[in-house]
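Colleague: Per Swiss-Prot, the features are:
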BINDING   G23, A24, G25, H26, A27, G28, V135, S190, Q379  FAD binding site
BINDING   282-296  NAD(+) binding site
Amino acid sequence: MLREIRRVFMHYEAGSYDVIVVGAGHAGCEAALAAARMGASTLVITLNLDMIAFMPCNPSIGGPAKGIVVREIDALGGEMGKNIDKTHIQMRMLNTGKGPAVRALRAQADKFLYQQEMKKTLENQENLTLLQGKVEKLIVEDGVCKGVITHTGARYYAKAVVITTGTFLRGEIIIGDIKYSSGPNNQQPSIKLSEHLEELGFELVRFKTGTPPRVNSHTIDYSKTEIQPGDDVPRAFSYETKQYITDQLPCWLTYTTEETHRIIDENLHLSPMYSGMIKGTGPRYCPSIEDKIVRFHDKPRHQIFLEPEGRHTQEVYVQGLSTSLPEHIQRQMLATIPGLEKAQLMRAGYAIEYDAIVPTQLWPTLETKVVQRLYTAGQINGTSGYEEAAGQGLIAGINAACKALGKEELILSRSEAYIGVLIDDLVTKGTNEPYRLLTSRAEYRLLLRHDNADLRLTEIGYKIGLISQERYEKFVAKKEAIEAEKKRLKSYIIKPTPQVQQLIRDVGGSELKDGIRAADLLKRPEMTYEHIQMIAPAEQPIDPEVAEQVEIQIKYEGYIEKSLQQVEKLKKMENKKIPEDIDYDAITGLATEARQKLKQVRPLSIAQASRISGVNPADISILLVYLEQGKIARVSNE
């Protein structure tokens, strides 16, 4: 009791800011940079300044859906794309043999250089202050967040607060039968803040994630593995990157064996997942090796990728072997994998359990419904992945700054961005496991492509103040060049000359009978924009990004048009707003489950209400009638 009283008197006023960001992982970095760049004085408080933007799991950025999120972050004015472009050791475009909707960029990171560069960016950002400390409580008055209190008793005040604590909330590391309080990579956890959130009325859930062992590169026999080089073509996530890294490092592919599976099978009783020690729910789309062996028992082998963690370290990440089995079992497993028979274990794999908030407690702005002017982003919201965290962090930072500066907040729709899909899924449907973004979650994925993120979002980034005038002018010029070239190809008639017919035969197409518009010829599956340029050349050289857009927009014109028509229908539903003070108990005819879910989520529109699981079309019809009657009643009263 005396200790508590003494701590009350030890509190001191430490400063006031527009925005405070708690945590400096991938979500925290984007949130802080966005707020500061929008003109909000911003304080970042993090447990360890040496671990800013740390990658505790896979040393990579991007991949299916996730890579598109990184492009969206860049198109809006965020930092992740620029940072990985400066620090990667390898980059590859995935799914190049498939349609543009599922193509995605993936980069292997030099994880240590990535941290250094991101820290440097934060240190040099105007309006941004970095502080090492542990936030233990929020200052909440009348349901409004006014600031934070650190473990040293410092009270920092703000007009908005963003919490981006990752997997640190009551974090516990588990290896075999060993369990101890810890954040990722044996960092100190955040316990009191988690308890404080419960005191404020937040509903928390327990999630789990894991990481594989790291081994010494000098002890790997790479002759028994398959090399996985990066692309020869220069690649970049950021639209502003002009200098490309050409000195790439390869990754390597190997496989588990029947002996690996036997060892795992015989020691499943030692796995915390199956012994009952782990209570948290793990990620469905990133299962542990134990889980894979149990779920896919008939599969003779599983892929293992050996990924260097950086240029100046010998640590190699054994991707595909995520495990929390005891350390001695991990050593036995490694010895059965081709190329790893003599590999030295440098770090054991582990599972980590942590607290997350139930994300239906958030508005689409990522402000919490429980406490006003408090925002959350990243794994605290129940997601997995650096990219998902960064996307949320960017939106939370933008909206915290908007709230602090008295501006209108930003909500991205499902048809505008994968970030919009991600946030809408979280706040509307919630999640009972660590959420991973997939292309299949986006109903408008043909519109949400890797190649057109700038066309979708740069205008928005410019309006909110994250895109410079110079960049915006280049963007406008690109848009105009795309439209001009499309217009040219739609009016240019290609005649069936011998040269044209020969080219068409060479690519396996049917010869022309009459003249044809260049755009119509380009729609043929065997034809590319390069082919068209050979027979209908432009007067001036066409920028490769412009050429790519022209080809995709013309080739997929019909499909894109259908998607846009669906979006217009959705907009009508989105425009049917639901009043914040609506009383769902007063609406007769709603199913009990629908009533409960509507009261919990409190959707902002009919479209959002229709996406809530447990709310059926019949419930939506009843809700629409009720809203119409309310309008009629208001008009009559007036």
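Positions of Cβ are set from backbone N, Cα and C atoms, glycine also.
For each listed feature, how buried is it and what is near it?
Modeller: A helical conformation is recorded for A27 (FAD binding site) in the three-state DSSP classification. The C-beta environment of A27 (FAD binding site), restricted to residues of the same chain at least 6 apart in sequence and closer than 8 Å, consists of T164, G166, A377, G378, Q379, A389, A390, Q392, G393, A396.
The Cβ of S288 (NAD(+) binding site) lies under 8 Å from the Cβ of G210, S271, M273, G282, S322, T323, S324, A351, each of which sits 6+ residues away along the same chain.
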Colleague: Which residues of the same chain, at least 6 positions away in sequence, have a Cβ lying under 8 Å from the Cβ of C286 (NAD(+) binding site)?
Modeller: T209, G210, S322, S384, P434, R436
Colleague: Name the one residue among R284, K292, V294 whose Cα is closest in three-dimensional space to that of G23 (FAD binding site); these are the binding-site residues.
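Modeller: Out of the listed candidates, the nearest Cα belongs to R284.
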Colleague: Where K292 (NAD(+) binding site) and V135 (FAD binding site) are concerned, what is their Cα separation in Å, rounded?
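Modeller: If we compare the Cα positions of K292 (NAD(+) binding site) and V135 (FAD binding site), the gap is 38 Å.
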Colleague: How many Å separate the Cα atoms of F296 (NAD(+) binding site) and V135 (FAD binding site)?
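Modeller: Between the Cα atoms of F296 (NAD(+) binding site) and V135 (FAD binding site), the distance comes to 43 Å.
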Colleague: What is the one among the binding-site residues G23, G25 whose Cβ has the most other Cβ atoms less than or equal to 10 Å away?
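Modeller: Neighbour-count leader: G23.
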Colleague: Name the residue among the binding-site residues R284, K292 whose Cβ has the smallest number of other Cβ atoms within 10 Å.
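Modeller: Counting other Cβ atoms within 10 Å of each of the binding-site residues R284, K292 gives the minimum at R284.
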Colleague: Would you mind listing, in sequence order, the residues at least six apart from V294 (NAD(+) binding site) in the same chain with a Cβ closer than 8 Å to its Cβ?
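Modeller: Set apart from V294 (NAD(+) binding site) by at least 6 residues yet with Cβ under 8 Å, we have L268.
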Colleague: Within 10 Å of the Cβ of G282 (NAD(+) binding site), how many other Cβ atoms are there?
Modeller: 21
